[in-house]
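Some notes on the structure that comes next.
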Amino acid sequence: MSDVQVHQLYIHGRYVEATSGKTFNSINPANGEIIATLQQASEQDIEAAVKSAQQGQKIWAAMTAMERSRILRRAVDILRERNDELARLETLDTGKAYSETSTVDIVTGADVLEYYAGLATAIQGEQVPLRESSFFYTRREPLGVVAGIGAWNYPIQIALWKSAPALAAGNAMIFKPSETTPLTALKLAEIYTEAGLPDGVFNVVQGAGREIGQWLTEHPVIEKISFTGGVETGKKVMASAAGSTLKEVTMELGGKSPLIICEDADLNRAADIAVMANFFSSGQVCTNGTRVFVPKSRLADFEKAVVERVKRILIGDPMAEDTNFGPLTSFPHMEKVLSFIESGKQQGAKVLIGGGRATEGELAKGAYVLPTVFSDCTDQMAIVQEEIFGPVMSILGYETEEEVIQRANDTTFGLAAGVVTQDISRAHRIIHQIEAGICWINTWGESPAEMPVGGYKQSGVGRENGLTTLGHYTRIKSIQVELGDYQGIF
């Protein structure tokens, strides 16, 4: 324990001692070892972070957009220079394979920051003539202090997705990382400071989600909450934000996304996409296509192709460069996923491969769950209806296009969806009827910085990434100007 580093809060450009006197540990899910101890924020610390953010935001907003853009671009450069170091830390904290964190997590987060750094100078109002002597113009002004609440599956990427548009628009952000995977958010704060961000513009307060989340969502100074996490928690955050000061919210919540394989699909391509849509990041992706609909006439061939590919997955030490499937991010989450797998068996689904915990050799020390594929599934099963957030694929047979569209939409979620077909007209016809915010045709999973992402129904409110998101970190002020005489009416 003496060798374990203790991490403080990051407020006003430096590490500061938390006042709560409480700490919690970050656990390496590959072996159960403690990798860091973190101090937990108190309500007093939240107040300090808010005051700091208010001070820093005034300085930041007073800078020109070009100055803000240059600082954010410097942060991008530092992120890319330190990519491998950050990826190793992310792997230690999350259990995700280094082959993934080194090529995706930091890379895509930096891409989003670069995108919004470029848009900082494009924030502008408009001027509209009303008559010869009068016109009005608009200004897009920053909201002020905003808060981001992150999830545990993509810690640094989520921190960047939330902070990039907020900072580009001239706001300050207080960020609360998941207590399960808090380490890289602190590194990001260091990088922002190194790049020249004024003190207080990006503060990190870690600790128990329920307490800190409530303090942030109810704080009268904070103007917006951007939250990523589960549906039930999201509802509470949204209600609290509305009940306090009518804060604007962005909610990126859960999913149970359908992947529809059409009868004309190339089965090799379809199987590749299905495996990617279920087992990337050990299945811990909110957009996973966990309900895989396949024509009954092609079920046997598709199932065979999927099993062949799952057998090629390399489970192991996430730091090993050839590993492409690591442990789940925590031991409690592993138990939750295993309970879903058992319920699938009990409800009559057939295990084609996997179906339990990986216990061979050193894997027994970690939170490893075997990539699992179920067939003979029905729409009423828990594994088909509920978000598992783990490496569990459910294959469902169907007969007609109308049937599969109805079944795909028969869910409270609406985050993502996909179609695999060689008929592009059919692809668009199906996708246009699917109730989901992020859709893919003949591919799965890519979320470029330019593309807005978010859900329908209970999968979320608002969008992240893309041009539309930037506007939600500003407010519009309208100003009418009269150049002529003013005629009173009283």
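Just so you know, glycine gets a Cβ as well, placed from its N, Cα and C.
Swiss-Prot lists Ser26, Ile27, Asp93 with the feature K(+) 1 binding site, giving sequence analysis as the kind of evidence. Following the DSSP three-state reduction, the secondary structure of Ser26 (K(+) 1 binding site) is strand. Sequence-distant contacts of Ser26 (K(+) 1 binding site), defined as residues of its own chain at least six apart whose C-beta falls under 8 angstroms from its C-beta, comprise Ile34, Ile35, Ala36, Thr37, Leu38, Asp93, Thr180, Thr181, Pro182, Leu183.
Under the heading NAD(+) binding site, Swiss-Prot lists Gly150, Ala151, Trp152, Lys176, Pro177, Ser178, Glu179, Gly230, Val231, Glu232, Thr233, Gly254, Cys286, Glu387, citing sequence analysis as support. In the three-state DSSP scheme, Cys286 (NAD(+) binding site) is classed as coil.
Other Cβ atoms within 10 Å of the Cβ of Lys162 (active site, charge relay system), summed over all protein chains shown, number 26. Residues annotated as active site, charge relay system in Swiss-Prot: Lys162 (among others).
Leu246 (K(+) 2 binding site) falls outside any helix or strand according to DSSP and counts as coil. A C-beta separation below 8 Å, combined with a sequence spacing of at least six in one chain, links Leu246 (K(+) 2 binding site) to none of the other residues. Taken from Swiss-Prot, the feature K(+) 2 binding site covers Leu246, Lys457, Gly460, and the record attributes it to sequence analysis.
Taking Cβ-Cβ distances under 8 Å and a sequence gap of 6 or more within the same chain, the neighbours of Glu248 (site 'Seems to be a necessary countercharge to the potassium cations') are Leu143, Glu223, Lys224, Ile225, His472. Marked as site 'Seems to be a necessary countercharge to the potassium cations' by Swiss-Prot: Glu248.
Residues or ranges marked as active site, proton acceptor by Swiss-Prot on the basis of sequence analysis: Glu252. Glu252 (active site, proton acceptor) has a Cβ environment of 27 other Cβ atoms inside 10 Å.
Summarising the annotation, Swiss-Prot assigns cysteine sulfenic acid (-SOH) to Cys286.
Under the heading active site, nucleophile, Swiss-Prot lists Cys286, citing sequence analysis as support.
DSSP classifies Glu464 (active site, charge relay system) as strand under the three-state reduction. Non-local neighbourhood of Glu464 (active site, charge relay system): Trp161, Lys162, Pro165, Ser226, Thr250, Glu252, Pro452, Val453, Gly454, each in the same chain, at least six residues away, with C-beta under 8 Å from its C-beta. Annotation comment: Swiss-Prot describes Glu464 (among others) as active site, charge relay system, evidence class sequence analysis.
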Which one of these binding-site residues, Ile27, Val231, Cys286, has the sparsest Cβ neighbourhood, judged by other Cβ atoms within 10 angstroms?
Val231
Minimum Cα separation from Thr233 (NAD(+) binding site), reported as the residue among binding-site residues Ile27, Lys457, Gly460 that achieves it:
Gly460
Rank the binding-site residues Asp93, Glu179 by the number of other Cβ atoms within 10 Å of each Cβ and report the first-ranked residue.
Asp93
Sequence-distant neighbours of Gly150 (NAD(+) binding site) in its chain (C-beta under 8 A, six or more apart):
Ile158, Ala159, Lys162, Phe175, Lys176, Pro177, Ser178, Ala185, Thr228
For a quick check of packing: other C-beta atoms within 10 Å of the C-beta of Pro177 (NAD(+) binding site), how many?
28
Going by Cα-Cα distance, pick out whichever of the binding-site residues Ile27, Lys457, Gly460 is nearest to Glu179 (NAD(+) binding site).
Ile27
Compute the C-alpha separation of Val231 (NAD(+) binding site) from Ile27 (K(+) 1 binding site), stating it in Å without decimals.
25
My understanding is the cutoff is Cβ-Cβ under 8 Å with a sequence separation of 6 or more in the same chain; which residues meet that for Lys457 (K(+) 2 binding site)?
Thr411, Thr412, Phe413, Gly414, Glu435
